[in-house]
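One structure below.
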Amino acid sequence: MQRRDFLKYSVALGVASALPLWSRAVFAAERPTLPIPDLLTTDARNRIQLTIGAGQSTFGGKTATTWGYNGNLLGPAVKLQRGKAVTVDIYNQLTEETTLHWHGLEVPGEVDGGPQGIIPPGGKRSVTLNVDQPAATCWFHPHQHGKTGRQVAMGLAGLVVIEDDEILKLMLPKQWGIDDVPVIVQDKKFSADGQIDYQLDVMTAAVGWFGDTLLTNGAIYPQHAAPRGWLRLRLLNGCNARSLNFATSDNRPLYVIASDGGLLPEPVKVSELPVLMGERFEVLVEVNDNKPFDLVTLPVSQMGMAIAPFDKPHPVMRIQPIAISASGALPDTLSSLPALPSLEGLTVRKLQLSMDPMLDMMGMQMLMEKYGDQAMAGMDHSQMMGHMGHGNMNHMNHGGKFDFHHANKINGQAFDMNKPMFAAAKGQYERWVISGVGDMMLHPFHIHGTQFRILSENGKPPAAHRAGWKDTVKVEGNVSEVLVKFNHDAPKEHAYMAHCHLLEHEDTGMMLGFTV
């Protein structure tokens, strides 16, 4: 029996004996056990197979059609080693086209899996990934233009775990699914018959698609039996449009050890951790007593996202300590970040994100008509209208003829697959200035093919846990600056993407292609 299997059996057996009598039945019956994605490693030929298909999943007692990689919902965690090439064979068993994007990986445009990397129904695509970047938690998901939001909503997402020599020398928790736990958080909206209820319309093109049910690794409010000691959580905000703000129900601190692109120089202690759509953070939390506690998400001031039940702290998962000790530690130092180079003489690119004023107004009107003032998340409606210079929106009924599919733009242009906007020089630092001035919507801006450093975020210096390697930056009614460098080729036919990771904004034009 392998050590991991032995530990799993030990944990399972230990749960019953470690809990008081009154809570054993509760643990067994009240909540589902946190599903743990398989950790997928290469076969003898250094290959990995991913099959995209439809299946069925049960939520709240009702069965829904869902999509997954190698299963009914979500997918495995693909384990990659720095310096080792891996070929991934991707089979599409859906009845429609899809793509598979390696979010956070520094790989050439040809294998990045953007909207050009189409896999037809019944088709296959093989990509070879030569990983040369630090240990990190990344992920993979569809990037089919105009349909990314729907395909992710249906269940397509999986993790990528990159390992290197440096991280293996640290005494971090590393028993997969025991004290090293993936946590993929997504909200879903269901129809009355229990199916995933996705719409791309004026309202969702403006504020994004959101639901009233929170899933953690595909389960509603699951529980995890955690050994005593340090518990490592690999957090992914896999929501289409909802930002999250993680905390613990008993106010025990989170120690952030890694962001999108890898380890921070040292742990950063926080009481709450905002995470934007597409972002990953690794945190350690101390499980040093017998008291169960919840990982929760706190209310956020984002349009549409303060509607019940998210107007109050909402449970993500229950963590139940058991009478087994883990061996992981919280190191004082983690990694070394290179000093920022001089910014003198660098190419500066200015990207202005914009939403059609008509879309902004019509979407907001529909949101308020459906959900009331609570949908405004505490924002002053008149101030917002004034900020956008729109005046009264009650005259904005265009009978549904408004073309929202190209209403979101960058530098005045909606996405055009055949026209990259610019060419970045390979191996050269550039300073990108990304502005959201002109609307009050949240735009988590993601850049393919790189891990960058944030120079300023929404007009302020980045928080300590956001000053490491990142692939997504917050833009919300202000300006953010990032220092980027691209080490791989991305010719016109395999251009990289840069876009808002609120998926409905991306699907309706807020994306550009660029070459390297």
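Cβ atoms here come from the backbone N, Cα and C positions, even for glycine.
Over all protein chains present, the Cβ of His101 (Cu cation 1 binding site) has 21 other Cβ atoms lying within 10 Å. In this structure, His101 (Cu cation 1 binding site) is part of a beta strand by DSSP. According to Swiss-Prot, the Cu cation 1 binding site annotation covers His101, His446.
In the shown protein chains, 24 other C-beta atoms lie within 10 A of the C-beta of His103 (Cu cation 2 binding site). According to Swiss-Prot, the Cu cation 2 binding site annotation covers His103, His141, His501, on the basis of experimental evidence.
Residues or ranges marked as Cu cation 3 binding site by Swiss-Prot: His143, His448, His499. DSSP assigns His143 (Cu cation 3 binding site) to coil in the three-state reduction, outside any helix or strand.
The feature Cu cation 4 binding site is assigned by Swiss-Prot to His443, Cys500, His505, with experimental evidence given as support. Long-range neighbours of Cys500 (Cu cation 4 binding site) (same chain, six or more residues apart, CB within less than 8 Å of its CB): Leu353, Asn408, His443, Pro444, Phe445, His446, Val475, Glu506, Met510, Met511. DSSP assigns Cys500 (Cu cation 4 binding site) to a strand.
According to Swiss-Prot, the feature domain 'Plastocyanin-like 1' maps to 55-165, an assignment based on sequence analysis.
The domain 'Plastocyanin-like 2' feature in Swiss-Prot is assigned to 227-292; the stated evidence is sequence analysis. Broken down by DSSP into helix, strand and coil, the domain 'Plastocyanin-like 2' (227-292) contains 0 helix, 42 strand, 24 coil.
Secondary structure of the domain 'Plastocyanin-like 3' (402-516) per DSSP, as helix, strand and coil residue counts: 14 helix, 45 strand, 56 coil. The feature domain 'Plastocyanin-like 3' is assigned by Swiss-Prot to 402-516, with sequence analysis given as support.
The annotation region 'Methionine-rich region' is assigned in Swiss-Prot to 355-400.
Per Swiss-Prot, the feature signal peptide maps to 1-28; the stated evidence is experimental evidence.
Cα of His103 (Cu cation 2 binding site) to Cα of His448 (Cu cation 3 binding site): a span of 7 Å. Report note: the Cu cation 4 site is defined by His443, Cys500, His505, and the residues of the same chain whose CB lies within 8 Å of the CB centroid of those residues, excluding them, are Leu353, Asn408, Met441, Leu442, Pro444, Phe445, Val475, His499, His501, Leu502, Glu506, Met510. On the backbone, the CA of His499 (Cu cation 3 binding site) and the CA of His505 (Cu cation 4 binding site) stand 9 Å apart. Of the binding-site residues His143, His443, His446, His448, His505, His505 has the largest number of other Cβ atoms within 10 Å of its own Cβ. Report note: the Cu cation 3 site is defined by His143, His448, His499, and the residues of the same chain whose CB lies within 8 Å of the CB centroid of those residues, excluding them, are His101, His103, Asp112, Gly114, Pro115, His446, Tyr496, Met497, Ala498, Glu506, Met511.
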